[in-house]
Amino acid sequence: MEICAMPVTVGTGFHNILLARPLPLSLPLITSVSSPSTRPNNTNNNSQVTSATTTTTTTTIPGSNREVAAGTGWRHSKSYLARQSAILEVKQSPDLDSALDRFGVVLKVQDLNVILRHFGELSRWQDLSQLFNWMQQHGKTSASSYSSYIKFVGKSLNPVKALEIYNSIPEESTKVNVFICNSILSCLVRNGKFDGSIKLFHKMKRNGLVPDAFTYNMLLTGCIKVKNGYAKALELVQELKYNGLQMDSVMYGTLLAVCGSNNLCEEAESYFKQMKDEGLLPNVYHYSSLLNAYASDGNYKKADELVQDMKSSGLVPNKVILTTLLKAYVRGGLFEQSKKLLAKLEAMGYAEDEMPYCLLMDGLSKAGRLDEARSVFYEVKEKGIKSEGYCHSIMVTAFCRGGLIEEAKQLAMEFDAKYDKCDLVMLNSMLCAYCRAGEMESVMKTMKKMDELAISPDYNTYRILIKYFCKEQLYLLAYRTMEDMHRKGHQPEEGLCSSLIFQLGKMRAHSEAFSVYNMLRYSKRTMCKALHEKILHILLAGRLLKDAYLVVKDYSGSLSQPAINKFSTAFMKLGNINLINDVMKVVHGSGYKINQGLFQMAISRYISQPEKKDLLLQLLQWMTGQGYVVDSSTRNLILKNSHLFGRQLIAEILSKQRAVSKASRSKMKCA
């Protein structure tokens, strides 16, 4: 199990704050649904807006409908106080529909926005949706309404719903409001839809969006956990600079985290230095991001130096810093030092959860020190350390790797009984244990669990299942699994494909074998030359001669002469008559000398179907051009049926062939 696949990535904890930009709790900042005409001040984009509700004593001014808040001089109208009372009533009402019927007329858009955010902050998702639908129906929405609602729908892990709301916005000017755009983009990034967020971002810009610093900060955060994230982050940085925005402290922190997740230590060091050169002081989060880059690379020396530099600057290493340092020690193979640091974490109260123990267990097991890893695992259990199941997952994988299948199976069953929630890494570990132990029922239960939790399988999931199904001789099930794997964009490895192709061929599943071959052929992986001949024999056995022709056409250089001869003979007898001439040309082009038997079979088939006379004439003419001559028996067969093809034309072609044959014999005598 790779620790980096766990939900909490050491060294990047500060990125939680990047997507937590709170909206105002009282009067909204956005008073217009149109997008701002000027770019927001860069220094204020990352500030957090807060508000507080204060309790005041009011006094009615005689002869006036306004009241004065005691000690403030601030006057509140009776209508304002009525609205505040209505807000409170709606917030607390057990029947939202009834409350909106009674107070909806009194409440303004900004009041409803306050209630909307209240429901969102309390995770009252049903009330949130109910209120927003009411606001839409009664025409009481603003840009702030959409921004808040989309943000909270994203937090409820429903990006599809958030996109529906965004796409339903009728005014194009509202759809490019920077606050609304930031909300929907943030929602997609939060929910792992980074590619979708980038596509939408480009569309928004084409429609008139002017991104602010928060927009770029949030998209940069999405680069941390995606493939080729660093290249995408660089594009965003270049774009924001082109648009006149400056890199700030948070952006540098995010960029450092991207470097760390891509093991780019030198680049991380460069940005860290550049940041300081620009007068920006690094904080704990910047140090933790650079430290994570060192840790991922196992560079414990530079990790130690960085922590000392951090202390010298007056910063105190926190739990994240020390845990990341532990990761550096483990990756660097300093297990004794790792154990000492873990003891220090325990003494400081920083080892209350399983993360640091998982780091050590994972490193020990991968280094072959399984007994020590097992000892740490039992220590976690004995101390009652808070665990979400990652310790089990690591040890199940370790036992499978070490061939301790029974222990792996027992631990997997213990995990299933103890933990309701799990992620893909855990499920793959359990699946591996059950497959290695041959526990079909448990395998099926685990796959069902993945479906119930809506967890999509990855490359490792498919590889585990295909190998297991092959081991159990369930080759068609293995084939269907590989088909699904290919549809999901995963490229199967050659060894797995080759083995499955061979077994499918043995059970006469010829089409399925060719399908697996094509999955491998059209992938970017290199193929063993022997595999082309293997699939050719399978296709010939299944009489899939057209498919066999494609293999010979594309890979004749990788095929033996006997294999090409076997294919040619089969095709002349049973192949598509319209492709016979093409096959002759391909076989000749491969360097194979076509024998008279093949020509006789081809010509015999043409004679049996006189309507194919043009193909016969083309073949005879091609033979002449390549120096081939029909033998006497084939010549007599052609002359006997020449009335079907035109006696004069046949005579001319055969005469040319005879002349070519004489010239060839003369050359041979001279030589």
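Including glycine, each Cβ sits where the backbone N, Cα and C put it.
Unlike curated entries, TrEMBL annotations are predicted automatically.
Taken straight from TrEMBL:
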- 33-68: region 'Disordered' (REGION)
- 33-60: compositional bias 'Low complexity' (COMPBIAS)
- 177-211: repeat 'PPR' (REPEAT)
- 212-247: repeat 'PPR' (REPEAT)
- 248-282: repeat 'PPR' (REPEAT)
- 283-317: repeat 'PPR' (REPEAT)
- 353-387: repeat 'PPR' (REPEAT)
- 423-457: repeat 'PPR' (REPEAT)
- 458-492: repeat 'PPR' (REPEAT)
For this session: Count the residues of the repeat 'PPR' (353-387) that DSSP assigns to helix (H, G, I), to strand (E, B) and to coil, and report the three numbers in that order.
Result: 26 helix, 2 strand, 7 coil
For this session: Report the DSSP secondary-structure composition of the repeat 'PPR' (212-247) as helix, strand and coil residue counts.
Result: 24 helix, 0 strand, 12 coil
Exercise. DSSP says what for the repeat 'PPR' (177-211): how many helix, strand, coil residues?
Worked result: 26 helix, 0 strand, 9 coil
Problem set entry | Summary of DSSP states over the repeat 'PPR' (248-282), given as helix, strand and coil counts | 26 helix, 0 strand, 9 coil
Problem set entry | Residue distribution over DSSP helix, strand and coil in the repeat 'PPR' (423-457) | 27 helix, 0 strand, 8 coil
Seminar exercise, completed: For the repeat 'PPR' (283-317), the DSSP residue counts stand at 27 helix, 0 strand, 8 coil
Seminar exercise, completed: DSSP puts the residues of the repeat 'PPR' (458-492) at 26 helix, 0 strand, 9 coil
